[in-house]
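**Student:** What TrEMBL records for C118-C166 is disulfide bond. If you look up TrEMBL, you'll see 1-224 marked as domain 'Lipid-binding serum glycoprotein N-terminal'. Taken from TrEMBL, the feature domain 'Lipid-binding serum glycoprotein C-terminal' covers 239-442.
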Amino acid sequence: AHQHGIAVLEKELTKVKVPDISGDFRIRHVGKVHYELSRLDLRSFHLPYSRISLLPSLGLQVSISNAFASVDGNWRVKLYFIRDHGSFDLRVENVYIKINLKLGKDSSGKPTISTSDCSTHISKVWVHFSGKLGWLYNLFYRAVEQRFRKILESKVASLHLFLQVCDMVANSVHTELQPYAQTLPVTSKIDDMVGIDYALVAPPAATAQSLDVDLKGEFYSLAHRSAVPFSPLPLALPPDHDHMVYFGVSSYFLNTASFAYHTAGALVFEITDSMIPKDVEFHLTTSTFSAFIPELEKMYPNTPMKLRLFSPSPPFLSITPEGLSLRPVVDIQAYAILSSDHLAPLFLLSLVSNVSAVINVSSGHIVGNLTMGRMKLSLKHSDVGTFQVRTLQSMMNIYTSSILLPNLNERLGQGFPLPLPDRIKLHNTIVRFQQDSLMLGADVHYEPR
């Protein structure tokens, strides 16, 4: 904010219009002096010291101190029959500006930012006149300085230079900061089937230590969004302050992904012989399986096969301090391919396996990798007679580990985006596991256009 927001504000403040000044005052033993200052031009407005602090229950406070501005213009003076004119330089010093920013959310769940209060104060005004009658300028320059300072600090609408400053601040918040805050994604499309809902469930809350933003964090099917049949657990972040931003990711967030993909029909995988890696010795044909199922070769001699893997229910993931794990149940329906449009069902197996997951952060995305552990097969139905499922264990393990798991890990490697405004990049990321949630910590780098 110091590097980019203040630079924008400095540029905007140079657009402030300084009103012409005129007036009269009396000098003892001399008489009435009339002066006019016109064509005033604000050359620069510098904000060397600024600070952003948390304002509990409201949002943020921006404090600017020791700011200074430079103004030049023309002057004209009249004292009896004496008339003169010239130019002047004016410097406004020790300017203090305080702005309160109120944080909220709109009906779509996007964040909102507005100015709730703005105040200014000036400690010093210095003016230097250029011209011939120096003795005369010395008589009234202090009066002009005082008059100009009163104008700068005036709250009267007709003398509103520093009201303009607050107007400029409010305008910058409205035209620069508010649109940028709105780049925080409310929804993010993951692929053709699933998206993520990141809408704010409450306005951002400022505390003495942090700015907390509660996001929905829920995957949903793009084709048909239905209510998630389980509730989110309370999510709390540990009081760490070593990094600039922390994300809390609950098991609810990850399990809505399973539910959404299952609802969208994405947890269905088909394996044919052409998909099997060349270095795997087994082929997906009835000839291969007849070594374990004798009746198969008699019924469908040397016939290509297809396996259809699907999950009867969404696999649910659990998070513990040791890491992530899930125990998915996968049904495997085997078919004999008799023709391009005719499949003969052979048998239906149920597979249960322990799977562990590794989570990391890459380029603002949560990425993962699955490792399959011990597998257990059981026979649910057979159209080719009875057989011992245990004899198929090693073969099915090869098929699932060489095809199913790589496909899942390829998708998980693409990752799911974190809710970040435009041009924000994360670095120095960490991942910590807790009960029912994980915490991601990171520092932030802003990349200007």
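A Cβ is built for glycine as well, from the same backbone N, Cα and C atoms used for every other residue.
A TrEMBL annotation is a machine prediction, not a hand-curated record.
Each of the listed features needs to be described in terms of its position in the shown structure.
**Tutor:** For C118 (disulfide bond), the same-chain residues that are 6 or more apart in sequence and have a Cβ closer than 8 Å to its Cβ are I97, K98, I99, N100, V165, C166, V169, A170.
Confidence across the domain 'Lipid-binding serum glycoprotein C-terminal' (239-442), taken as the mean pLDDT and rounded to a whole number, stands at 90.
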**Student:** Run through the Cβ atoms and count how many others sit within 10 Å of the one on C166 (disulfide bond).
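**Tutor:** Around C166 (disulfide bond), other Cβ atoms within 10 Å: 18.
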